[in-house]
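Heads up, the thing below is written out as structure tokens.
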Amino acid sequence: MRPRLTFTSTDPTLGNCVIGAGTGANVGDPDLLGGTETNVPVAQNDPLATFDQRVPSNGVVHAVRGAVVDVVFAEPDLPPINSALVVEWDRPTALILEVHSHLDQKTIRAVAFQSTAGLARGVSVHSSGGPVTVPVGKAVLGRLLDVVGNPQDNGPALPDDTPRRSIHALPPLLKSQTGATDVFETGIKVIDLLTPMAQGGKAAMFGGAGVGKTVLVMELIRAMVEKYEGTSVFTGVGERSREGHELLTEMQESGVLERTVLVYGQMNEPPGARWRAPLTALTISEYFRDQKHKNVLLLMDNVFRFVQAGAEVSSLLGRLPSRVGYQPTLATEVAGLQERIASVAGSAVTAIQAVYVPADDFTDPAVTTISGHMDCVIMLSRAQAAEGFYPAIDPLGSSSMLLNPLVVGVDHYQTAEAVRQALARFRELSDIISLLGVEELGTADRLIVKRARRLQRFLTQPFMVTEDFTGTPGASVPLAETLSGCRAILDGEADEWSESSLYMVGTLADARTKEAAASATDAEAAA
């Protein structure tokens, strides 16, 4: 079935029209417009709006180079940049192209959102008269969609009257945006203590391969979506199909799928699909924020794959690469994505993103560009993972703008700083300890090392999403329990405890119980 196309006629009496499979419904529906008061103030004057004043034109495929297709039009009035083209071929689903270059007066170069296998020269192509649009609204809740909004969950087709919006939009007006100062409690000790997340803010988890990014994202989804009052949108960008299927199954079993939207651009899909999948998820999030005035939890895994797909597209389009082979428009593309993640009065969009760090190089241009847009930066360390400290978050390399006494309170701030100081001093002494042993340290330093090692283990935590693999029940710890436990360790309550009693527990009370059981076992063995 051909996707519905959106355009505006030059006749002002016709308004905004949607052309679908034999339907002309929704004429003048305001939900179909690309702009709102907090988004695009005057959509008719915005080149990124969901329609164009030009009459849709027809062309033919001139060349196919993988995901890039050249199309020749008979008319000299070419479709504008970011316009959607539809290939008329004998396949069950339409092939959508997006215009990215005008090569001459009659030829454009476009990027395909689906596989071009079987596409040949001479195939007819017609312009939609506007950019790519995706379905939004209540109908997409509980559904798994691809980059152009087609359901991929073997469920029924979306209703014909489902509103659609352009995947291209401007950020909310600056005067409409609100700051993020409310702490978003996750139940994960090390995050809530040292890198608190903001309600309506942007947080990113940076780490190399195999350090636990996806597991941490899954735990955050489980912990936050279940108690989150609002709509959740998850986008999988360039990730494994298996992980996407597992997430869908888990959400179905936990009963949160009916207020969640899943958007996948998986690693086996063309770069155009992986490049635009985050924009599809953002468009759906913006609709619930602007039209339904709901809080939205936006989760992305993995933003680096968005950058990687952009680099592929840039190379296919023939652009000269920039540093380390990235596209010359890296900063512009990342900013265009991140700046649309914004909160307005009464509606917050909270974004949690995973970012792959190639070769564990945190100075990589993609990593540094993405981190500059974040309120909360969570660094996952391979050294932490090697020692078995999960979640493998580097407590000294991670940071949050909310860790301020005016935001989190003096008690929280002082406790977090004391924990950081102890861990920093322990790291400074680690070389001396490895060479000479802890016995060569002074009394004060030995005490710091003892407590820092216990803090390291106390900040580990068993996750509920890994229960089936570890056999250890997961734990979600309130912030108050985390603070009181860290203060008790800093004050010396656990100085005589075994370090293993603090490893992979929830609260300090759990550690106390574990220590008592271990002491009783040792006493019985001695007797």
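If you go along the chain as it appears here, the first residue is 1 and each next one adds 1.
Note that Cβ sites are derived from N, Cα and C of the backbone, with glycine treated the same way.
As recorded in TrEMBL:
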DOMAIN    199-384  domain 'AAA+ ATPase'
BINDING   Gly207, Gly208, Ala209, Gly210, Val211, Gly212, Lys213, Thr214  ATP binding site
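The binding-site residues in question are Ala209, Val211, and the one with the fewest Cβ neighbours inside 10 Å is Ala209. Gly208 (ATP binding site) carries neither a helix nor a strand DSSP state and counts as coil.
Listed in chain order, the residues near the ATP site other than Gly207, Gly208, Ala209, Gly210, Val211, Gly212, Lys213, Thr214 are Tyr356, Leu380, Ala385, Ala392, each with its Cβ within 8 Å of the site Cβ centroid. For Gly210 (ATP binding site), the Cβ neighbour count at a 10 Å cut-off comes to 11, with all displayed protein chains included. Ranking the binding-site residues Gly207, Gly208, Gly212 by how many other Cβ atoms lie within 10 angstroms of each Cβ puts Gly208 at the bottom. Neighbour density around each Cβ, counted as other Cβ atoms within 10 Å, peaks among the binding-site residues Lys213, Thr214 at Lys213.
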